[in-house]
Amino acid sequence: MAYETVVGLEVHVELATKTKLFCSCRTDFGDEPNTNTCPICLAYPGTLPVLNEAAVALALKAALALNCEITRETKFDRKHYFYPDLPKAYQVSQFDRPLGRNGYVDIEVDGEKKRIRIERLHLEEDAGKLIHTPGGTLVDFNRGGVPLIEIVTAPDIRSGKEAAAFLTELRAILAYAGVSDVRMEEGSLRCDANVSVRPVGETRFGTKTEIKNMNSIGSVERAIEYEAARQMEVLAQGGTIVQETRRYDEARRVTVGMRAKETSADYRYFPDPDLVAFTIPEAWIEEIRESLPELPDARRKRYVEEFGLSSYDARVLTQEKAVGDFFEAAVAHGGDVKAIANWMMVEVLGYLNKEQKSIDAVPMTPAHLSRLVRLIEDGTISGRIAKEIFPEVIATGADPEALVREKGLVQIQDAALLEAVVKRVLEANPKSVADYLAGKEKALGHLVGQVMKETKGKANPGLANALLKKALEARRGAGGA
Amino acid sequence: MAAYGDLLEERIPDLRRRLETGELAPEALLEAALERIAAVEDRIESFIALDPDAARRRAAALSEKRRRGEALGALYGIPAAVKDNIAVAGLPMTAGSRMLEGFLPPDDAVVTERLLAADAVIVGKANLDEFAMGGSTETSAYRTTKNPWHPDRVPGGSSGGSAAAVAAREVWYAIGTDSGGSIRQPASFTGIVGFKPTYGRIPRTGVVAFASSFDTVGVLARTVEEAAIVYDALHGFHPSDTTSLPRDREPVAPTLGRDVRGLKVAVPTFWLVGLHPDVRARTEEALRVLEGLGAIVEPVDMPHLAYAEAAYTILTMGEAASNLARFDGLRYGRRFSDARDLAALYAETRARGFGREVKRRVLLGTYFLSAGRYEDMYVRAQKVRTLIRRDFERVFADYDLVAGPTVPTPAFPLSERLSDPVAMYQSDRLTSPANLAGLPAVSVPAGFSAEGLPIGLQLVGDVAEDALVLQAAYAYQAATEHHRRRPAL
């Protein structure tokens with residue numbers, strides 16, 4: 001029997017506010033444990049929450065960037081459960097009036113476009129973090145009270161690849177909107193997946209499992225693929241799926257059962273009496289909507305229409321806002337757009353990937369990239385020389401033009417100078433000359449290569465080619481006479 | 001010392017004048033209070049914690065302040081008690097519970113800051129029902145406060161320590177909290193004035209939460225004028241409590257004495273049934289006094305008052321279960337367990353740290369919020385709350401005040417209702433509606449039962465009409481002598 005995979009994602013994203021959701025403690029990642037805490041976020045008796053308006057603004061921005069409808073009459077609710085990382089023993093969250101509803105993200109997988117619906121987006125506070133040591137379990141409350149948005153998708157995802165595409169796009173949108181630094185490795189973006197399978201054609205959902213502990217987009221993709229295959233195997237063997245929470249083990253690349261969910265937890269939600277219900281002014285929503293920058297999808301369309309790039313190239317260049325910004329700045333400094341795009345995708349991204357750096361962290365400026373491309377265009381240097389000096393340009397921020405002069409790499413454009421080299425090469429390679437004259441045109445390539453070698457790459461390849469041809473044809477004429 | 005005895009019967013405005021001129025020193029007034037406390041405290045047991053040395057240092061510092069010629073606050077040098085669910089930095093805060101035994105709050109509550117900014121002297125922390133849950137102060141884990149009028153009667157609760165301390169002349173005023181009557185009911189039982197302002201008038205920051213949407217900080221004093229002076233020093237918005245309200249348009253104390261002629265007073269018929277005969281009689285007399293002052297007193301029907309108690313019970317217990325979930329012994333307070341297992345650690349600490357009444361309410365509150373019960377119980381109770389608010393709105397469209405008795409009975413005997421929670425909850429029947437609707441309300445002495453136990457008259461105003469409530473109570477008090485009688489101690 002053929003099965004299809006059905007996936008819904010729950011994504012938690014830490015908002016990029018300076019302070020926590022209900023107190024003025026800082027939200028910085030990686031500080032000494034329990035230094036960013038106060039009586040409010042430690043739930044001392046008598047403390048009261050004061051809502052951080054900046055967090056509401058960022059959550060609204062995220063909701064609008066994800067095409068959600070805004071719930072203007074909204075409120076906070078308490079979600080109760082006992083755990084040492086939750087000092088009040090309730091999490092302030094939103095139950096039946098989430099800030100955003102009915103949004104979507106469009107993705108593209110293997111050339112196919114697809115819309116993934118977002119059911120809800122709500123604002124809540126993060127819990128602290130447990131640190132297990134041989135001596136016992138410790139709690140770090142620095143993260144406790146940091147503002148989070150929880151984004152819940154409809155069960156529209158059909159594969160690990162689609163989930164990865166969704167997360168990649170979601171990450172890009174949220175980064176573009178500036179609502180979060182979306183770093184999965186630091187936990188500022190976390191994802192759980194509800195996975196089930198069902199026979200193709202079936203409209204009811206199968207029993208789902210919830211997969212946790214996926215620390216990268218790649219591991220979300222692998223975990224879903226593994227889990228779907230596992231469930232299909234269980235069903236093929238005549239077994240049934242147990243509704244449970246499973247942990248993804250990245251090292252072994254398997255999911256492992258954690259606890260069975262016999263009954264759903266009763267969180268006893270009720271409206272938080274310390275935080276009065278409030279109405280979001282229409283004008284505020286409009287102000288935030290207008291403050292949204294161009295989002296990845298719009299930028300991609302513009303790259304295709306305005307710059308004539310392929311949709312693939314447009315996608316690569318817009319994945320990260322900073323990369324797109326760099327590209328556009330370089331284009332603004334002049335040079336062939338497609339050439340700049342190619343340099344960005346091959347050399348720049350290749351370097352960043354190899355060095356594990358972000359584009360903001362390299363000394364090279366967009367002006368440098370533009371100049372490098374223009375040096376090739378005006379014949380000052382060859383593409384080969386450009387590639388040779390590129391690592392130095394990107395790593396040190398050296399001006400390509402100065403570098404070319406300093407190293408004496410300016411292309412030989414003077415025919416008189418090159419003619420001497422051509423003569424020497426023809427004399428030193430009688431076999432190639434004979435081959436060419438015998439009709440083996442390919443021999444010309446070897447001879448050009450020799451000219452380049454003699455000139456240490458500085459010969460203008462076009463000029464060298466023309467001069468060689470001319471000299472060879474002259475010989476053919478002489479020989480025939 | 002006879003001189004001290006005289007001081008105890010002086011009122012705050014007179015004392016304040018004498019302290020300002022230097023005729024009386026804060027130290028001397030404090031010693032009068034401490035001497036009185038030493039004389040009666042082992043019979044009354046108003047306080048959970050006393051810190052005479054800190055109070056003496058404070059009085060000396062205030063004396064110094066006067067010598068430096070600085071401006072002196074409205075409560076300059078007047079000794080006060082603060083209910084022990086309100087944080088005073090430097091003094092332990094137990095909320096009457098073993099759970100918080102030895103807990104030192106890191107900061108002053110906002111109300112404490114304001115007391116100190118007004119140059120008050122805090123002598124100690126007053127006893128209360130555990131986490132303010134109770135109507136007799138008997139659920140305190142520490143001691144049983146007695147009614148100064150009768151050694152075998154409860155002082156009421158939950159602000160029973162605050163009320164007894166004022167009634168026994170241990171202090172001139174006290175700060176309490178009122179979520180369903182916890183200031184007014186003990187004020188009624190001990191023959192003093194208890195004022196619960198509009199919800200939010202005095203910020204809750206630093207007050208241990210019982211039921212957040214009900215909890216209201218207020219004042220207990222011997223006279224309406226004194227309650228108004230203290231209220232003026234304490235009320236107004238604070239950014240740390242986003243449910244708090246702005247200050248009144250003008251200070252209330254200077255407006256006392258305004259004419260109440262023509263004031264329309266509504267008396268809910270439901271509030272005149274099921275009363276102790278003496279309460280009924282004193283209430284009728286009090287209403288006649290108001291009429292004598294020119295007020296128009298008329299009966300009204302408020303159909304949803306009969307459901308107030310049920311709604312109050314469900315909503316406050318739900319909120320309490322949530323608010324008290326944080327007491328797990330992990331971060332502060334006492335941990336009553338060495339368990340290595342997390343569930344056992346929670347269970348043992350909460351089983352041993354909380355008393356019976358608190359556990360009863362946490363369990364019931366958890367039940368009221370649980371899946372399957374929530375719609376039937378909690379949501380329905382919220383609807384009743386809305387209906388009660390509307391009952392008041394309707395009445396206040398035509399009337400200025402709602403009046404009636406504060407409590408259906410005079411103070412009941414110690415331990416009588418401790419094992420009968422339903423009877424205990426009954427004593428909130430007439431006071432909880434003002435909390436359900438967030439309204440300002442005062443209890444003012446209205447005479448005595450045949451046994452000589454005090455009985456209170458309750459006046460309730462519309463939202464933010466705190467001044468009107470106090471003005472009417474002042475007019476009533478000016479026309480009566482009940483507040484002048486003192487308990488034989």
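Each Cβ is built from the backbone N, Cα and C atoms, and glycine gets one as well.
Feature annotations, courtesy of TrEMBL:
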DOMAIN    B:29-470  domain 'Amidase'
ACT_SITE  B:K83  active site, charge relay system
ACT_SITE  B:S158  active site, charge relay system
ACT_SITE  B:S182  active site, acyl-ester intermediate
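Positions of the features from TrEMBL, shown on the structure.
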residue : record                               : CB count, 10 Å
B:K83   : active site, charge relay system     : 33
B:S158  : active site, charge relay system     : 35
B:S182  : active site, acyl-ester intermediate : 37
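Calculated from their C-alpha atoms, the gap between the residue listed as 'active site, acyl-ester intermediate' and B:S158 (active site, charge relay system) amounts to 5 Å. Note on the domain 'Amidase' (B:29-470): its mean pLDDT in the predicted model is 97. Look at B:S158 (active site, charge relay system): DSSP puts it in coil.
Distance between Cα atoms for B:S158 (active site, charge relay system) and B:K83 (active site, charge relay system): 9 Å, as a whole number.
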